[in-house]
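As written in TrEMBL, here are the features:
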- 15-219: domain 'Cytochrome b561' (DOMAIN)
- 12-34: transmembrane segment (TRANSMEM)
- 54-74: transmembrane segment (TRANSMEM)
- 86-105: transmembrane segment (TRANSMEM)
- 117-144: transmembrane segment (TRANSMEM)
- 156-178: transmembrane segment (TRANSMEM)
- 198-220: transmembrane segment (TRANSMEM)
Amino acid sequence: MALGLGVRAAPFTYAAHALAVAAAAMVLVWAIQFRGGLAIEATNKNLIFNVHPVLMLIGYIIIGGEAIMVYRVLPTTNHDTTKLIHLILHGIALVLGAVGIYFAFKNHNESGIANLYSLHSWIGIGTIALYGIQWIIGFVTFFFPGAAPNVKKGVLPWHILFGLFVYILALANAELGFLEKLTFLESSGLDKYGTEAFLVNFTALVVVLFGASVVVAAIAPVRLEEPQGYAPIPEN
């Protein structure tokens, strides 16, 4: 799906790649340097929780964004190959997102913290469920066993629209997650104007810019076409 935005997708894909690297580095610095590291099992349950934002951002948001952009990043690649890459990347994003949610539950359960009490958690569960439904419908319709061509043609616009809706919902929930965690930390004594607080806020800003770049890249055309009936202005 490409809208008449008057801009090409390529610059936004480049921006998204750069922002993805920045966001991944920033969340790793936060989790490892400021929050003490990552752990699957630990007496310090905060280390278990730290896996959650890392997997949700790098696995769910970034890899999911790259999956959305793949048709713009590889416009000349064989369509079946691009479709397979799109499917695999979304599958990886879905699995890592589900594992990331598991670690949030694991941290809460082992720390005696209630589950599913916040808007962030409600939207998170809803989003991962919608993401899974979207992936399954896409797999069955476009990959295997595959629907009839006329069905594919009818489903495709809705597949794109619903996919972007779910992705924007995931982005919004990521911002809620940053806000919620930083609010908890600041209420526990973290300096509101300290280095860690600024790092978290700037990471969230980079994620907003990354998400915006992904969405624009998805709806912008690979190449610009002159409008029908357009004629260049003569030089003389």
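Cβ atoms are placed via backbone N, Cα and C, with glycine included.
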Contact set, same chain, for the transmembrane segment (54-74): CB under 8 Å, 6 or more residues outside the stretch: 9-10, 13, 16, 20, 23-24, 27-28, 31, 38, 81-82, 85-86, 89-90, 92-97, 99-101, 103, 131, 163-164, 167, 170-171, 174, 177, 207, 210-211, 214, 217-218, 220, 222
Stretch among 12-34, 117-144, 198-220 sharing the most Cβ pairs under 8 Å with the transmembrane segment (86-105): 117-144
Sequence-remote partners of the transmembrane segment (198-220) [C-beta within less than 8 Å, at least six residues beyond its ends]: 1-3, 5, 7-9, 12-13, 15-16, 19-20, 22-23, 26-27, 29-30, 34, 57, 61-62, 65, 68-69, 72, 160, 164, 167-168, 171, 174-175, 178-179, 181-182
Segment confidence, the domain 'Cytochrome b561' (15-219), expressed as mean pLDDT: 97
